[in-house]
Amino acid sequence: MTSLVWFRDDLRTFDHPALRAAVDHAVTSQGSQGSQESDDGASSEPAGVVALFVLDEESDGLRPLGGAVKWWLHHSLVALREKLEALGIPLVLRRDAAHDVVLDVVETFDVDFVGWNRRYGGPERAVDAGIKEALAERDVEVHSYAANLLFEPWTISTGGGTPYRVFTPFWKACLSESEPREPLGAPSALTPPSALVEQAGQASDDLDTWALLPTKPDWSTGIARAWTPGEDAAHELLADFLDDAVVHYATQRDEPSKPATSRLSPHLRFGEISPQAIWHAARRSGKDVETFLSEVGWREFAWHTLYENPDLHEVNLNRKFDAFPWPPLDEDALLAWEKGETGVPLVDAGMRELWETGTMHNRVRMVVASFLTKNLLIDWRIGEEWFWDTLVDADAASNPFNWQWVAGCGADAAPYFRVFNPETQRKKFDPDERYVRRWGADDGREPIVDLAQTRKAALAAYEQTK
């Protein structure tokens, strides 16, 4: 019999509870089989573990991946395959509805145990529940595990049993819980049956046929220069950050020209490193990490919010904003924003950084989002969709959560009347214009809008939602 571990947004071998459980089950099965000789005196073939990744673009409600995320996924799967091969575990890649794929793989490999780490989006939970039910009907042992959040959504609530809508009491409640569990090490290597490895190769898609990478034009050159996907790179970044930059994090994290951030967000998005590993490494560093860990807490808050609001990328959390009078879309203004050609230096620098590297400094994300929604009066959902396609760290929770926060309609949101003035922000956080010059946004371009007048127009529009 074979154990199956289903990878999703957890492309790692260190601190992967489902992987550890699948290996433990295989080892136990192998031990029991080895003690029972067959009638001719030969021992049974040892059990093995198969890893599965499904590119599911068919199941109801799942959001199609953006282009930058697809680029990262390709390279992350390559890195994961190498790590798994070193453990004696073949990786099967399949592209179809997850329900159909998992059941097919279970039958093909005579699987008696399936494990995965839990997901928290509404459509994903529905898919997982359906698969778990189908496997139980087939008498296949199936288990899910907590691995991708420090605190699962149903474990944190107000005294009245409702979800938190404000971050500070939410994080205080989290910190009052038991310390997050210690991370698990990677499992010991197995000696896989040769037939299993051959069968897995035949059952797997060729990753290149998924066409996750851009061809013509190849817009990923800058992203490739900026990033190295995979769990080894994630742990190296964490170690480097805790060794040096974390001491400046609390005071310099808002300055886009300073190397004061961890750069772990895309690695967390793909689960190449677990929040538990980050938490305990930070605690063991002996440095002041509270501000840094509170930012990890904002990630938790976003996922808890998504758990309660599966349509977060489409529906205002504050429903009074449904009445907001968004004007007809100005396509020229939107294109100028996307290309970093608005004539507002900090906005243009951020948008150019995004296109070149697949990321953007967090402070600048707030500025460009405020500019789009309040100075250009363009619906936050349009900006969220652009980020979804161009950010390597775009995930289903943090991306819409942050856009709603800036737009004023989200959880613990900045009030709508708070309009980030890009010039004030530039003078405060990029006073020597190192960041602006780095991205060539000091080109003397005329602004496409008057910041003061558009702020007044935004506030006037907001009055109509009261």
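Using the three backbone atoms N, Cα and C, a Cβ is placed for every residue, glycine included.
Because the structure is a prediction, the values reported are computed rather than measured.
Straight from TrEMBL, the features:
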DOMAIN    1-150  domain 'Photolyase/cryptochrome alpha/beta'
BINDING   Tyr249, Thr261, Ser262, Arg263, Leu264, Ser265, Phe292, Asp393, Ala394, Asp395  FAD binding site
SITE      Trp326  site 'Electron transfer via tryptophanyl radical'
SITE      Trp380  site 'Electron transfer via tryptophanyl radical'
SITE      Trp403  site 'Electron transfer via tryptophanyl radical'
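It is Trp326, among the recorded positions Tyr249, Phe292, Trp326, Trp380, Trp403, whose Cβ has the fewest other Cβ atoms within 10 Å in the structure shown. For Ser262 (FAD binding site), the nearest neighbour among the recorded sites Trp326, Trp380, Trp403, judged by Cα separation, is Trp403. Listed in sequence order, the residues of the same chain lying 6 or more apart from Leu264 (FAD binding site) and placing their CB within less than 8 Å of its CB are Ala234, Leu237, Leu238, Phe241, Ile273, Ile278. Comparing Cα positions, Tyr249 (FAD binding site) lies closest to Trp403 out of the recorded sites Trp326, Trp380, Trp403. In this structure, the C-alpha atom of Trp380 (site 'Electron transfer via tryptophanyl radical') lies 15 angstrom from that of Ala394 (FAD binding site). Counting every protein chain shown, the Cβ of Ser262 (FAD binding site) has 22 other Cβ atoms within 10 Å. When other Cβ atoms within 10 Å of the Cβ of Ala394 (FAD binding site) are tallied across all protein chains shown, the result is 26. DSSP gives Ser262 (FAD binding site) a coil state; it is part of no helix or strand. With Tyr249, Thr261, Ser262, Arg263, Leu264, Ser265, Phe292, Asp393, Ala394, Asp395 listed as the residues that bind FAD, the site has a largest C-alpha separation of 23 Å. Ala394 (FAD binding site) carries neither a helix nor a strand DSSP state and counts as coil. Recorded residues Trp403 (site 'Electron transfer via tryptophanyl radical') and Ala394 (FAD binding site) have their alpha carbons 12 Å apart, per Cα-Cα distance.
Between the C-alpha atoms of Ala394 (FAD binding site) and Trp326 (site 'Electron transfer via tryptophanyl radical'), the distance comes to 25 Å.
DSSP labels the residues of the domain 'Photolyase/cryptochrome alpha/beta' (1-150) in these numbers: 65 helix, 33 strand, 52 coil.
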